[in-house]
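> Pulled these from TrEMBL:
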- A:20-41: transmembrane segment (TRANSMEM)
- A:68-94: transmembrane segment (TRANSMEM)
- A:68-273: domain 'ABC transmembrane type-1' (DOMAIN)
- A:106-128: transmembrane segment (TRANSMEM)
- A:148-170: transmembrane segment (TRANSMEM)
- A:209-230: transmembrane segment (TRANSMEM)
- A:255-278: transmembrane segment (TRANSMEM)
């Protein structure tokens with residue numbers, strides 16, 4: 001029989017800061033946000049109340065669900081594109097590049113984060129405008145001009161600006177840890193290159209790849225800058241809807257409803273992804 | 001034995017110098033503040049009104065410093081005030097149509113009409129501007145105005161095409177029509193297109209539905225919804241060839257830079273935005289603010305307002321306009337502020353082609369905003 005568990009003061013001391021941090025800067029604000037979603041706005045002033053009117057108003061409006069599904073779709077598309085575009089670069093860095101080259105490449109991939117994301121986004125104006133660099137180049141071969149700004153394409157480019165370097169770094173780090181002798185063995189046993197990727201590299205990198213995709217999705221799903229400045233705010237994503245809701249009539253409670261719906265979605269996606277990432281293959285032991 | 005006292009005296013001297021020097025250095029800001037006592041004036045305004053080109057000369061002459069907080073849209077302004085303690089803002093630049101709400105909520109102080117040049121107004125409407133007065137008590141002083149109509153790139157639209165809101169539906173402009181992302185001016189223009197004229201804000205259910213239908217029919221032409229900066233960019237880099245919801249306040253700035261853009265008041269009529277100064281309730285600097293408003297209503301202030309770097313507006317006083325014509329005839333001509341010119345702002349008002357911007361009378365702002373969100377998602 002074991003006696004009552006003693007409180008480990010030493011362990012608690014080290015755990016306390018992070019617990020306090022989460023309580024003060026995450027749990028507290030989230031609870032406050034949930035509370036204000038039940039408040040009402042009267043004469044542009046938020047008043048304490050417990051009414052479901054904001055939830056009812058937002059969740060029964062077609063424009064909310066249009067924004068919701070559009071945001072879900074375009075963030076998923078962006079994460080998929082980021083993962084696909086990042087893969088060849090990450091593959092080359094993980095398996096072909098020397099250690100020195102890989103270090104430099106990772107450093108260069110980090111450099112964009114030294115600059116403000118807003119500045120990086122605005123720089124696309126020069127490239128994507130109808131009178132911009134890309135259309136001028138396409139013009140030389142008799143193509144275009146194409147409309148790239150203020151479109152879904154512009155939004156995706158903005159999302160990739162944010163997520164692609166991260167996807168390459170995460171994929172590179174993940175694949176760099178794959179045992180290369182397994183790949184060589186597969187090739188020696190006659191496995192084709194694509195089959196090697198599919199049957200050896202991807203299963204062994206599954207966790208890192210899912211985490212990378214999840215990060216790409218989370219960043220795109222909550223991003224305001226790309227859809228607003230490169231997408232022309234059409235159609236509005238959920239972050240734009242939050243801005244519109246607060247801007248007109250100062251409806252912070254309704255904006256809170258949108259924000260909570262975003263958080264619920266992100267939690268659902270994140271938990272599902274993590275469950276998939278760490279799911280054991282059938283038949284494996286422990 | 002002789003060296004020790006010498007060393008001590010040296011150390012003491014060094015410490016003294018450091019102490020006195022350090023103390024002097026630390027106290028310098030307080031000394032300079034005591035000499036200069038700059039007074040801060042908190043301003044709530046549309047972008048640009050607290051910038052040096054507008055307030056710099058007054059700041060220098062009166063040893064004050066404006067601390068601006070900028071907003072976009074009257075409801076945004078009301079919300080900012082509602083969430084701030086009384087006395088936060090000393091001066092509020094409000095859109096004309098929102099003064100009534102400021103007054104109703106008791107956010108502004110009454111003004112003495114005798115302090116301002118009401119005998120010099122360019123139009124009689126400006127002397128008793130709707131909503132600025134409560135009975136015989138003045139609550140807001142009209143500063144400037146501007147007209148909203150069809151704004152367009154002159155290489156993509158002819159003046160004749162731009163003379164009607166129908167021009168926005170020109171097939172060649174598909175994906176090239178932009179919106180300033182605020183429901184009020186754009187939906188007001190759609191209401192004018194539907195022939196609602198002076199009743200553009202007072203819509204029955206059927207008229208409101210018709211305005212929504214008209215607006216929705218424009219959606220396929222629309223290439224984006226933009227904030228202040230995005231509107232400039234869109235027109236400047238040619239992404240947008242026509243813009244709904246704006247006027248000379250945007251194209252005027254681009255025109256000054258030589259961009260091929262213009263704004264006209266179409267045959268269905270245009271909308272006037274009016275900007276007015278109010279003194280914030282509970283301001284402890286009401287006298288200084290009054291002096292500033294008087295300065296901005298003087299001919300010199302009116303010229304500064306007409307030349308404002310962020311966006312132009314027309315003068316509301318005769319003396320202001322006369323001085324503008326004298327010191328900056330190019331801007332006076334560009335903005336049609338010369339008597340007898342086509343599209344001269346006061347003549348447009350007299351001809352009944354201009355309607356003052358207002359808020360919806362039979363619907364709520366929320367209804368309009370909800371529709372705007374639906375429209376953006378369509």
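Positions of Cβ are set from backbone N, Cα and C atoms, glycine also.
Describe the structural context of these features.
Below 8 angstroms of C-beta separation, residues 93, 134, 148-149, 154, 157-158, 161-162, 165, 168-169, 172, 225-226, 229-230 of the same chain, each at least six residues beyond the ends of the transmembrane segment (A:106-128), sit close to that stretch.
Remote same-chain residues near the transmembrane segment (A:209-230) are listed as 71-72, 74-76, 78-80, 82-83, 86, 117-118, 121-122, 124, 128, 149-150, 154-155, 157-159, 161-163, 166-167, 170-171, 174, 202, 236-240, 243, 262, 265-266, 269-270, 273-274, 276-277 (criterion: CB distance under 8 Å, separation of at least six residues from the stretch ends).
Within its own chain, the transmembrane segment (A:255-278) has Cβ neighbours under 8 Å at 30, 33-34, 36-37, 54-55, 58-59, 64, 68, 72, 206-207, 210-211, 213-214, 217-218, 221-222, 238-239, 241-242, 245-246, counting only residues six or more beyond its boundaries.
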> Where else in the chain does the transmembrane segment (A:148-170) make close Cβ contacts, counting only residues six or more beyond its ends and a cut-off under 8 Å?
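Residues 74-75, 77-79, 81-83, 85-86, 89-90, 93, 106, 109-110, 112-113, 117, 120-121, 124-125, 128-130, 132, 134-135, 208, 211-213, 215-216, 219-220, 223, 225-227, 229-232, 234, 237.
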> Residues of the same chain, at least six outside the transmembrane segment (A:20-41), with any C-beta under 8 angstroms of its C-beta?
47-55, 249-254, 256-257, 259-260, 263
